[in-house]
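Asks: Just passing along the structure, written as C-alpha cells.
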Amino acid sequence: MDITLKSPSEIEKMRVVGAATARVLEMIEPYIVPGVTTDELDKIMNDYIEQKENAISADLGYQGYPKATCISINEVVCHGIPGPHKLHKGDIVNIDVTVLKDKYHGDSSRMFIVGETSPRNQQLCKCAQEAMYEAIKTVRPGSNLTEIGAAIQKVADKAGFSIVRDYCGHGIGKGFHEEPSVLHYKNNFNCILEEGMCFTIEPMINAGTYKCKVNKKDGWTVTTADKQPSAQYEHTLLVIPNGVEVLTLRKDEDFPRIIVH
Ligand code: MF3
Ligand code: CO
Ligand code: CO
C-alpha cells in the first residue's frame, strides 16, 4: 500500500482547508428549514466556498458529478444530487462537502434534522455520530486501521442498526480519494497507522438492511435497498504524535480537536 505521509507544510494546508470545510457546514445550518430546495442549499454553499473561502468544491465535475455538494435525505445513503426537491419537517438530511484549496482537500459531512423528527430517526443520527467519534478515539501512531471498523461495529450492534459496506472512508490530501480504504465494519484489513497520515472516517448507518442500490437513471444517488432511513457523519483526520487531530471539527461539536494518549 502506498499511503502518503504529509510534511509539515502539507499539514498546514490540510488544516487550512479542513477549517474552511467545517465553516461551510456551520454556515449552512440556519438555511435548513422546511420548503428550502436542495438546489438552493447547494448554491449558497458553492457561493460561500468560492467567495468567502477562496476555494472550490471538489465534488463539482468529479467523475462527472453535476453539483457542488451531496445532499442525502432520509433513505438516501450518500451522493444525493441537489435539485428542485424541497425539505420537509421531519426529514433527516446529510450534507457532505469537499473543499479544494491550495491543492489540498477537506471532506466532512453531518446530519441535520428539519424541525422535529421521530425518536428512531434521532437515534439513527446519534448512532452514526457516536460511531464516528468512537472510531476517531482509536486513531494514533501504531494503532491498526481495523480498530476503526471494530469500534463502529460495536456502536451499531448495540443500537440494532446496520453498517453500509459498499462505501468506505479514504486517505485524503492532494487526492480526493487516496489510499487507504477505511472500512467501517469489523474487518481484518490490517494497516498500522503512522504520524502524518490523513484519512476520513465516514460511517453510513442504516435503520434496516445494510444493502444499498444506486439509481440507474442518474448513476449517483445511493438509497437503502429497503427504503428505511440512513445517517452519516464524516471527518477528515490527521495522525499526530501520540494521537489524532480532527481537521474538520466544527464549533457546534462537543468533541476535542486534538486527542493525545
Ligand atoms: N464526499 C464524498 C466522500 O466522502 C464523495 C462525494 S463524490 C461526489 O467521499 F462526486 F459525489 F461528489
Ligand atoms: Co469522504
Ligand atoms: Co464526503
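Each Cβ is built from the backbone N, Cα and C atoms, and glycine gets one as well.
Nobody curates TrEMBL annotations by hand; they come from automatic prediction.
Sharing the record's features from TrEMBL:
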type	residues	note
BINDING	His79, His177	substrate binding site
BINDING	Asp96, Asp107, Glu234	divalent metal cation 1 binding site
BINDING	Asp107, His170, Glu202, Glu234	divalent metal cation 2 binding site
DOMAIN	12-239	domain 'Peptidase M24'
Asks: Pull out the binding-site residues from the set His79, His170, His177 whose C-alpha sits within 10 Å of the C-alpha of Asp96 (divalent metal cation 1 binding site).
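Replies: Hits: His79.
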Asks: State the mean pLDDT for the domain 'Peptidase M24' (12-239).
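Replies: Result for the domain 'Peptidase M24' (12-239): average pLDDT 98.
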Asks: I need the neighbours of the divalent metal cation 1 site defined by Asp96, Asp107, Glu234. Which other residues of that chain put their C-beta within 8 angstroms of the C-beta centroid, in sequence order?
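Replies: Everything else in range on the chain: Cys70, Val97, Thr98, Ser108, Ser109, Thr200, Glu202, Gln232, His235, Thr236.
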Asks: Have a look at the binding-site residues His79, His177, Glu202 and say which one has the shortest Cα distance to Glu234 (divalent metal cation 1 binding site).
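Replies: With Cα distances computed to Glu234 (divalent metal cation 1 binding site), the winner among His79, His177, Glu202 is Glu202.
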Asks: As a check: which entries in His79, His170, His177, the binding-site residues, place their Cβ less than 6 Å from an atom of ligand 3?
Replies: none
Asks: Counting other Cβ atoms within 10 Å of each residue's Cβ, which of the binding-site residues Glu202, Glu234 comes out lowest?
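Replies: Output over binding-site residues Glu202, Glu234: least Cβ neighbours within 10 Å is Glu234.
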Asks: Which residues, same chain and not among Asp107, His170, Glu202, Glu234, have a CB within 8 angstroms of the centroid of the CB atoms at the recorded divalent metal cation 2 site?
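Replies: Near the divalent metal cation 2 site, the remaining chain residues are Asp96, Ser108, Ser109, Gly169, Ile172, Thr200, Ile201, His235, Thr236.
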Asks: Which has the fewest other Cβ atoms within 10 Å: Asp96, Asp107, the binding-site residues listed?
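Replies: Per-residue Cβ counts within 10 Å for the binding-site residues Asp96, Asp107 bottom out at Asp96.
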